[in-house]
Amino acid sequence: MEHNARVEPAPDGGAARFGEEAWQKLVSFSEMLSAEGELRGLVGPRELERLWTRHILNSTAVCEFLPDSGLVADVGSGAGFPGIVLAIVRPDLRFDLIETMERRTDWLDHVKQELDLANVRVIRSRAEDMPKRYAADVVTARAVAALKKLIPWTLPLLKPGGHLAALKGQRAEQEIQDAHSQLMKFNAQRADVYDVDVWGSDEGTRVLLVEKMK
């Protein structure tokens, strides 16, 4: 696939960090986004210039909050951040990518087929319309909504004792304060913010972790 000159190059050492197979799939994913992402309205032209540091590598920060086994639900998967990235890096886990827009689910299905991601299921649905019996070990979200909106969408999808891992910015603590009533209503046991170093990037990130009562 022809490389788009505007796209940030992949960092060195990725195969050693993530394994050869996973790294090649991450590179292929970046190439697919480079070739089709802007045309499909998935990423803006300026985002291609920081595709690795701001999006792909940033998504890997959630890895340390994933379970040893089980089901991860990624709400509002969009172009595939963090869901596709996490599914590549953790092929031992099952991932449901939940997205409402048809053009985005078409893209996610396309990526799933091209990269042979057998551990991925793409679901076109709003999170709040998922079956009441649905029960994930972890729910992930990135650039979807403020926590007070995320809570009623995501905590009902979790098993008791499961947790929401949301990539957030500098206002994460304020979002927790703003979501106090929602956290109480939807049986959250605790909410914490973690500063996470991102491999291959000078930019760290923050993960807001909300645990559901057991």
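Each residue, glycine too, has its Cβ placed from N, Cα and C.
What TrEMBL lists as S-adenosyl-L-methionine binding site is Gly76, Phe81, Ala127, Glu128, Arg142. Classification of Ala127 (S-adenosyl-L-methionine binding site) by DSSP places it within a helix. Taking Cβ-Cβ distances under 8 Å and a sequence gap of 6 or more within the same chain, the neighbours of Ala127 (S-adenosyl-L-methionine binding site) are Val75, Gly76, Ile98, Trp153, Thr154, Leu157.
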